[in-house]
């Protein structure tokens, strides 16, 4: 039992002390429950197996009251923050003296917030002595609802089944991160970072707990900056940039400490970015601003009931020693001539939003605001599940005493970096993924990478300092080409992949630019890349037929036609432009019209196109086109893909030499004519009245 108990963080709380009573009268109090055994009403004497024992009298613990409702149901009350009764969300307690296969329903009835992530997919966590790894309780066992029995308040109901009698079960809202755990971590971190980082205490809390301050990076002046943000003047040294990071302002936000730990682990690592940050800038870190609130298990306040993130503008040495120490640190940095404070980043956890986002300030000067929004853009490129829709830049009165509103002066940018206490969705409709300790640590590493990207962007850190250039593997490129070729030759490849962009945006884009080349099929793209001297611009309403085999024209002819179309090359360059005589065209049209309307025109040359026979017959052969009137023939030639159908009760004159004879050869019309002949209205000049051809005249004509 002792070996199993030591795996948990607070091992000493699981041993029964001699002073613990067997009676439930008098147990508990205004603070956390201290090994309270909850018995059914009317029961006295020694507790039996199955009478649950609740305990929260340990570091980060929080449970103020437990009521027995039935054998299977218990009402639990979260202890409010000290001297601040409205803050009630964080809970962390243990349960023992359970019976095997005992099923219970825990109702946490006094949550301080109506809307939390419990409305979404967030669930509490649990572990036991035999299974020390934290696990999420399944969503189907959790209910966050309004209870009529509890005066319409929102309660969190949790169904659970205990499977091992000898185990001690611990429930928490999130993975706890205690003050003792931080001190153990910093002792190891200080040894690893020896030589380029220092650790010291800048103040003590009301309960005499130390407030650590970490400094990473030396004050040696590096290379000269290339950006206009550099502050070098005549006779002055280049100021070294400083970033101040604050964490764990609120006790009920353990992800803040885990993110800060991930940042510290990365910054002392051996990666190229970590080396560049240590050599290029100076980083000041205060990993825990509220040790008393963390130790007591408060949600937001410290020992005296103060919300530290609302007291920056009225901090006092007695009530807020951590805030006064940080203010003094900022004043020392500003007074140092060789240092320039750029950013103040306050890390928090959020109870109502998913993913990661920032809260910043708004400025009347548009250029000042644009500069203020630069670092969040680098964070968006690095942090997974970044939520831009949750980012806010405001000057509201609610956050008047917060760090991001009070600490920045001059050109200093201050942000509140918030990570969800629950989880995130990588896509809007994707699955809900709960945050783990590794995921929070990754956010800290992403913060360090974003800072490195920013300072490289402005020229403070040289690009790719300290590592050789990596050679690209040619085999990887060949595999990509092969895969693209297979996709191109695949029968299932969509024909849309082989068609170039038909219309253009304005201004025109060169086909040799990477986006335009990627729009081409792979083999065509390679051909275009080999002709780097040619810059083809996609014109308006033009189909770029660079290598289309269906059109049957070469690349040179297509380019020539295109440039003539847009006016770069004069039409018919090298020969004088022949102007067409409009009078000649009018004379031709007039002669054709006279021939068409002439009474002497043979009726066998006037082919009427009215109704359709079955099956339709094409008239696109040259003899048939010559049999048509001139205007109809021109229309047919312009529509070479059109199938013109011969009219009712008329011999199709489309094959052989019969078209050129005075009389048409009679062929078997049984396949085409399905009804007896009907009179056909004869086409005559408009000056004469229309005359209907009789059946005898039609028979004479066909004979």
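We number each residue from 1, going along the chain as drawn.
Using N, Cα and C of the backbone, Cβ positions are placed for all residues, glycine too.
Here TrEMBL flags 175-455 as domain 'Peptidase M14'.
The region 'Disordered' annotation in TrEMBL covers 463-528 (among others).
For 472-482 (among others), the entry in TrEMBL reads compositional bias 'Basic residues'. As a summary of secondary structure, the compositional bias 'Basic residues' (472-482) carries 9 helix, 0 strand, 2 coil according to DSSP.
If you look up TrEMBL, you'll see 483-499 (among others) marked as compositional bias 'Basic and acidic residues'.
Taken from TrEMBL, the feature region 'Disordered' applies to 568-606 (among others).
Summarising the annotation, TrEMBL assigns compositional bias 'Basic residues' to 580-590 (among others).
Taken from TrEMBL, the feature compositional bias 'Basic and acidic residues' covers 591-606 (among others).
What TrEMBL lists as region 'Disordered' is 678-703 (among others).
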The compositional bias 'Basic residues' (580-590): DSSP-derived helix, strand, coil residue counts: 9 helix, 0 strand, 2 coil
Arithmetic mean of per-residue pLDDT over the domain 'Peptidase M14' (175-455): 91
